[in-house]
């Protein structure tokens with residue numbers, strides 16, 4: 001801004017400190033508005049509308065580099081109703097958020113004395129604004145002027161502005177909001193190191209299995225000429241080689257299965273791209289930009305979903321490919337929108353600013369039908385034509401072979417439950433940091449960590465599902481597709497269980513709105529994570545199964 005140019009103080013929202021998502025319009029509390037009226041209108045982005053940002057002009061007259069002494073800007077006529085509203089807000093530790101030049105400022109509404117009988121309102125906003133050249137780089141708010149709330153009195157609200165020169169560069173002005181001591185704590189580094197150890201162990205295990213099976217094969221093929229029939233019958237003809245005629249049989253419910261795999265691949269692509277963008281651009285500096293980016297990237301990566309889902313469905317001999325495409329395209333959006341719709345009812349009942357406006361709902365539906373669906377169709381057609389031919393290394397027998405009895409711990413159900421433990425173990429420390437930045441007031445900025453954790457998660461997931469599948473096939477059970485998907489996807493169950501622990505022991509949330517918001521969106525997050533892990537696990541296992549059966553000689 002130039003000298004004496006207007007600087008706008010936007011009032012955003014007010015709400016209880018412990019419930020970050022329960023926010024209301026600032027002027028839903030009976031605050032009064034400043035005298036200045038004329039203001040250019042504020043245009044909000046899609047991400048802001050979904051996150052409940054409600055910017056309203058405060059009416060305070062602030063000009064660039066022009067100090068203002070303490071000035072009364074309006075007065076509150078405190079009748080009984082208004083006093084009750086303020087008392088309720090102070091009891092629940094309400095605090096509000098404002099913006100000056102996109103920099104957030106937080107202030108507390110008021111405070112109660114020790115015995116909880118008298119309530120006081122802070123009436124004086126003391127703003128200190130730092131400038132570097134002609135850019136605003138730093139804003140501090142001090143709340144002063146404690147006034148006791150007595151019914152039927154008038155309370156005068158005042159403000160003052162002090163401008164001071166600052167050495168902070170414009171690019172670095174957000175650094176004071178970040179918390180390095182929290183995010184770059186020793187535990188964070190240690191957890192990454194710990195996960196790496198696990199990765200090395202698992203990769204070793206998988207390569208050992210591969211080497212062992214393949215080496216035995218080659219040894220046997222070279223010795224086969226010298227062995228007599230007796231030895232050959234007693235040889236290594238048990239286990240996974242027995243099911244070579246059934247291992248490439250299509251999975252049960254191929255339509256749902258391929259839709260899940262397609263969606264999982266898309267979620268993985270979205271996570272990867274959004275993390276890379278966040279590492280390059282500081283997305284945390286703009287309101288709602290993270291969400292807007294994620295929605296845009298999700299829509300743009302729809303062909304990935306169509307390609308993987310459609311080609312897998314075609315390879316499994318599916319006929320109803322249009323139905324598969326619709327289910328694949330709307331699986332994740334329906335889950336997210338369904339949850340949002342349910343929580344929206346509670347938000348409307350609460351008059352919270354998180355209630356999604358009708359226009360925004362229409363916009364999101366339009367994105368689903370006019371962007372996601374056509375792109376998905378393109379992906380599906382490409383997938384069916386480029387890699388839709390079943391080119392399996394072994395023929396599938398006409399008659400499925402019976403599955404023999406096996407020990408209880410080899411049952412698919414047990415394998416599925418145990419499969420999620422290691423992937424969860426490799427990410428749960430990072431989950432703590434991500435949850436804290438979402439449900440408490442920290443800004444997550446260490447996307448390099450997140451990238452590492454995503455890579456570790458992929459490797460661990462693939463290794464675990466390969467080991468699980470190897471044991472399953474050795475027990476002569478060829479139902480490996482769903483088992484490999486679900487043994488990785490069961491990570492979601494552990495993450496959701498962890499979110500219960502987090503809610504009760506790490507937060508102080510209360511109230512129907514915040515609780516349903518928390519458990520609703522945690523369920524969506526866990527499910528999406530599970531589908532992504534499942535797809536990664538299946539892709540890795542599929543490559544492994546092909547590899548070992550390519551080398552089998554079948555008479």
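Each residue, glycine too, has its Cβ placed from N, Cα and C.
Range annotated as transmembrane segment by TrEMBL, chosen from 255-280, 385-410: 255-280. Of the candidate ranges 255-280, 292-314, 413-435, 447-473, 485-505, 485-505 contributes the most Cβ pairs within a distance under 8 Å of the transmembrane segment (517-539).
Each of 292-314, 356-378, 413-435, 485-505 was scored by its Cβ pairs under 8 Å to the transmembrane segment (189-211), and the highest score goes to 413-435. Listed by sequence, the residues of this chain that lie at least six past the ends of the transmembrane segment (447-473) yet keep a Cβ under 8 A from its Cβ atoms are 183, 188, 192, 195-196, 198-199, 202-203, 205-206, 209, 239-240, 243, 247, 268, 271-272, 275-276, 278-279, 410, 412, 415, 418-419, 422-423, 426-427, 430, 433-434, 479-480, 483-484, 487-488, 491, 533, 536-541, 544-545.
For the transmembrane segment (255-280), same-chain residues at least 6 beyond its ends with a Cβ under 8 Å from one of its own Cβ atoms are 290, 293-294, 297-298, 301-302, 304-310, 312-313, 316, 318, 320, 323-324, 327-328, 331-332, 447-448, 450-451, 454, 458, 481-482, 485, 528-529, 531-536, 538-539.
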